[in-house]
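Step one of this worksheet: look at the structure below.
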Amino acid sequence: MATAGLRLSVNLGMNVKLTISEPTMPLASHESRTASLTLAPGGEVRHDWTIEAIEALFALPFIDLLFHAQQVHRAHFDPNAVQVSTLLSIKTGACPEDCKYCPQSGHYNTGLGKEKLLEVEKVVEQAQAARDAGASRFCMGAAWKSPRERDLDVVLEMVRQVKALGLETCMTLGMVDGDQANRLAEAGLDYYNHNLDTSPEYYGEIITTRTYADRLETLGNVRQAGMKVCAGGILGMGEAPRDRAALLQQLARLEPHPESVPINMLVKVPGTPLEDVDDLDPIEFIRAIAVARILMPESHVRLSAGREQMDESTQALAFLAGANSIFYGDQLLTTSNPQVEQDRALFAKLGLHPEVVEKSARVCADDARQQADLETALEVRAARQAEAALAARAGKLAYDATLDAPRV
Ligand code: SF4
């Protein structure tokens, strides 16, 4: 039976065309809706995604979207490895910014205790514990508009000492200018986190004390200083679907893409203006993860805040959609996070392993190769020295022989 069907064709640019065919006649269940994707299976690193193309990805049948995201993911990453970071609040509360989702903002009364900047030793202790629990990256966050000069010196020392433990370092300190970014980079900071939060259009509904352009400027300073960028956003803040697409478009426009892209689900904290906002459907959240994976194929997409409110199935879907990074530990700055033991159990259930294991294996292999190279170099040097000594002795003998010659 012929099936005259509805055909939606969207040109995604760069010779990529997405075609979805929807038959009007009932077919066998597995044929009831088909999608033919002509996207490159491994994805493409592009910065020119149009909003229409991104919305077309969001509109794909869920299974097709996840399938494509998984194809892209497998082309760039071990699909069963998850990078594990730990986050510590090094200065809590009384923030002058008015981010409507944040319990640390001084504008809202959330009952959150305030803490001054932690001492370097305390931070290093926590970093050691995180490393021992399997974290590969240690993130430190301070509730500031931007770091003050006297605080920056302490923060730089934290970076040096945490780095010396063999951990990757990440900081989120608010806005930084070019000079501050350079000093952080010189101290050895690997990543700087600064989220875009939402779309440029919805941004004014969430924050009024700094602009979208301010955020992009900080990200530019971080990139110019040579650090890696960690930038993402928060979903479920009452934004429209187009805002989610526009947020991902902004992130994908950054050149290069952020190495880390945290996708947060809003944690509704009593006392914040967003405490009663409607929940976002978890399937919409998973779609956003999958689209982020497709748009930024080489980035680590982090399943970030809000994970404690997600059941295991939702988390598993997020990993299937291409999330490959999580925060590990009991606290995420000031909101709670699944306990380490629960995470371990979930990893075991899903057959996931921390990326740190692979990285360590690679580092070990590199170390072993480096050691072998060093030994070879030492052997070669010893052989050359022996040869030189022999040659010198032979030369001396020859000299002696020559000296003796006239006497023959
Ligand atoms: S999100 Fe950051 S900048 Fe905004 S209020 Fe909270 S701590 Fe301050």
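Glycine residues also receive a Cβ, built from the backbone N, Cα and C atoms like all the rest.
Nobody curates TrEMBL annotations by hand; they come from automatic prediction.
If you check TrEMBL, you get these features:
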type: BINDING; residues: C95, C99, C102; note: [4Fe-4S] cluster binding site
type: BINDING; residues: C139, C170, C230, R302; note: [2Fe-2S] cluster binding site
type: DOMAIN; residues: 80-307; note: domain 'Radical SAM core'
Discussion item. Considering every residue in the domain 'Radical SAM core' (80-307), what is the mean pLDDT value?
Written reply: 92
Practice prompt. Using C-alpha atoms only, work out the spacing between C99 ([4Fe-4S] cluster binding site) and R302 ([2Fe-2S] cluster binding site) and round it to an integer in Å.
Written response: 21
Response to the item:
Candidates C95, C99, C102, C170, C230, R302 (binding-site residues) with CB under 6 Å from ligand 1, in sequence order, are C95, C99, C102
Worksheet item: Taking just the CA atoms, what is the gap between C95 ([4Fe-4S] cluster binding site) and C139 ([2Fe-2S] cluster binding site) in Å?
Response: 18
Item to complete: State the Cα to Cα distance, in Å, between C230 ([2Fe-2S] cluster binding site) and C102 ([4Fe-4S] cluster binding site), rounded to an integer.
Response: 19
Worksheet item: Far apart in sequence but close in space: which same-chain residues, 6 or more away, have a Cβ under 8 Å from C102 ([4Fe-4S] cluster binding site)?
Response: C95, Y108, V269, T272
Fill in: Most crowded position, judged by CB atoms within 10 A, among C99, C139 as binding-site residues
C139
Worksheet item: Beyond C139, C170, C230, R302, what residues of that chain have CB atoms within 8 A of the centre of the [2Fe-2S] cluster site's CB atoms?
Response: S85, L87, R137, T172, Y191, N193, S260, P262, S325
Discussion item. DSSP secondary structure for C102 ([4Fe-4S] cluster binding site), reduced to helix/strand/coil, please.
Written reply: coil
Worksheet item: What number of additional C-beta atoms lies within 10 angstroms of the C-beta atom of C170 ([2Fe-2S] cluster binding site)?
Response: 24
Worksheet item: Where among the binding-site residues C95, C230 do you find the Cβ with the fewest other Cβ atoms within 10 Å?
Response: C95
Item to complete: Using the recorded [4Fe-4S] cluster site (C95, C99, C102) as reference, state which further residues of the same chain have their Cβ within 8 Å of the centre of those residues' Cβ atoms, listed in sequence order.
Response: E97, D98, Y101, P103, Q104, S105, H107, A143
